[in-house]
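Participant: Shown below is the structure under consideration.
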């Protein structure tokens, strides 16, 4: 994702230096203790306590200390939000009667307000999530703005067609909004995933009930305030903080929710699809887990491949669904690649995410912290070679040392399961045919990458790999214009681009009898 925000020369100083230079020249100094303004439930453009009056703590992962209490929504709160959304979607409502171009203007206005408050939002994201502030400001917020503005431009351009059917008839299609859209967003990119969900839904005229992740609710709730300020009618966007088994399950199984979009684990994706099918057969789009292969051919530019493979795995503390978490290296360059990758990992700066020199902050919470350490222990027990890292990186907070394993075999747990942390696994291969089979031998199929100077190899691998996105000589290059989604158990449907609009519309055919048809 960083490549979308920081276009740099193909050769040049490594990522940390680029970020430091960008930080000193472009990024305002953060307030390391931003005030929390929004910690309730947002329904009908108003703030509410939970029906149960329950709250839960959101925690600063750098320290383990509580930031504040947040209203804990559950089924009753979801019911209230759905009713508000239904009212906003009624025929003749201000939202339904609004011109498509005006919907676009509201999205542009929302983007402008987010840009106005960019420094505050970046600091709040870092406080609640733990990602480096420079990344929050330069990458996440930049992509949020681009996504919302991209979909604002689509609002009056995604439409139906006239169809020349036989006989004295006039036939045309309409692209109509689906209705009440449940959206459940993850904790690894809270603001960005909110934009990915809201952009296409609002551009096409839907109404939204969104559940934010309990680990990172604060920035998405602040954006709710900006949604009201932008002028969206009451009930168009409703945001419920809460937990998956309660608030999330209520959305997935609700009889009056017409569609659910979820980004998160494959395990939870299963539950959502079952709940959707056993309720009202609501539409489902799922962006789930991954174990993405990153293939380094022997003819690759070694400097570039090492740095990009490091970035592919360690970016965002390794908390990326599309992380290059199986690094396949051709045998004649394996030793050199491993040596250089270990050196790069050892030089990675882990620390205070508000320090502009920091490359890696803490994991999002204690649960993830312990889970990752458990995977590291599993790798050692199953015979992988621990080359660096392997433990906690600080006395407090949820920091983990950048970790690299060599001599990893396909059957090992760390080579099969999504770790979602700063743990690199390097595997050796001989031939291109071999690596295709091994790369595809996974239940996941979200992304893949190939590093080679041979265009024929690149083209062959891009066609052979079972993944929704394949990067050639790059990694994590995203644009609002390009669709993203997975094969197999990495999900269904696509987000971003024109393809991302399809899941939020129903295509209606209208056929009219006419006295006489003329060409």
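Residue positions begin at 1 at the first shown residue.
Just so it is clear, glycine is given a Cβ too, placed from its N, Cα and C backbone atoms.
Pulled these from Swiss-Prot:
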TRANSIT   1-19  transit peptide
MOTIF     12-26  motif 'SIFI-degron'
MOD_RES   54  N6-acetyllysine
MOD_RES   75  N6-acetyllysine
MOD_RES   80  N6-acetyllysine
MOD_RES   161  N6-acetyllysine
SITE      188  site 'Transition state stabilizer'
ACT_SITE  287  active site, proton acceptor
MOD_RES   370  N6-acetyllysine
MOD_RES   377  N6-acetyllysine
MOD_RES   385  N6-acetyllysine
MOD_RES   409  N6-acetyllysine
MOD_RES   428  N6-acetyllysine
MOD_RES   430  N6-acetyllysine
MOD_RES   443  N6-acetyllysine
MOD_RES   453  N6-acetyllysine
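Looking at the shown structure, can you explain where the listed features end up?
Facilitator: The average per-residue pLDDT of the prediction over the motif 'SIFI-degron' (12-26) is 50, rounded to a whole number.
The Cβ of residue 54 (N6-acetyllysine) has 71, 72, 74 as same-chain neighbours under 8 Å, each 6 or more residues away in sequence. DSSP gives residue 54 (N6-acetyllysine) a coil state; it is part of no helix or strand.
Look at residue 75 (N6-acetyllysine): DSSP puts it in a helix. Applying an 8 A CB threshold to same-chain residues 6+ apart, the list for residue 75 (N6-acetyllysine) reads 246, 247, 249, 250.
Applying an 8 A CB threshold to same-chain residues 6+ apart, the list for residue 80 (N6-acetyllysine) reads 43, 48, 51.
Residue 161 (N6-acetyllysine) carries neither a helix nor a strand DSSP state and counts as coil. Taking a C-beta cut-off of under 8 angstroms and a sequence separation of 6 or more, residue 161 (N6-acetyllysine) has the following same-chain neighbours: 172, 173.
A C-beta separation below 8 Å, combined with a sequence spacing of at least six in one chain, links residue 188 (site 'Transition state stabilizer') to 129, 316, 319, 320, 321, 364, 420.
Annotation for residue 287 (active site, proton acceptor): same-chain Cβ neighbours under 8 Å, separated by at least 6 residues, are 262, 263, 321, 446, 484, 485, 486, 490, 491, 493, 495.
In sequence order, no residues are near residue 370 (N6-acetyllysine), counting only same-chain partners six or more apart with C-beta under 8 A.
Its Cβ placed at the centre, residue 377 (N6-acetyllysine) has 13 other Cβ atoms within 10 Å. In the three-state DSSP classification, residue 377 (N6-acetyllysine) falls within a helix.
Non-local contacts of residue 385 (N6-acetyllysine) by the CB criterion (under 8 A, 6+ apart in sequence, same chain) comprise 405, 406, 407.
For residue 409 (N6-acetyllysine), applying a Cβ distance below 8 Å and a minimum sequence separation of six or more within one chain yields 382, 383, 384, 415, 427.
The DSSP secondary structure for residue 428 (N6-acetyllysine) is strand.
Neighbours of residue 430 (N6-acetyllysine), defined as other CB atoms within 10 A of its CB across all chains, total 10.
Residue 443 (N6-acetyllysine) carries neither a helix nor a strand DSSP state and counts as coil. For residue 443 (N6-acetyllysine), other Cβ atoms within 10 Å of its Cβ number 13.
Under 8 Å, Cβ to Cβ, and six or more positions away along its own chain, residue 453 (N6-acetyllysine) finds 299, 300, 301. Residue 453 (N6-acetyllysine) falls within neither a helix nor a strand when secondary structure is assigned with DSSP, and so counts as coil.
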Participant: Would you mind reading off the Cα separation of residue 430 (N6-acetyllysine) from residue 443 (N6-acetyllysine), to the nearest angstrom?
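Facilitator: Spelling it out, the Cα of residue 430 (N6-acetyllysine) and the Cα of residue 443 (N6-acetyllysine) are 23 Å apart.
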Participant: Report the same-chain neighbours of residue 428 (N6-acetyllysine): residues 6+ apart in sequence with Cβ closer than 8 Å to its Cβ, ordered by sequence.
Facilitator: 328, 329, 330, 331, 334, 407
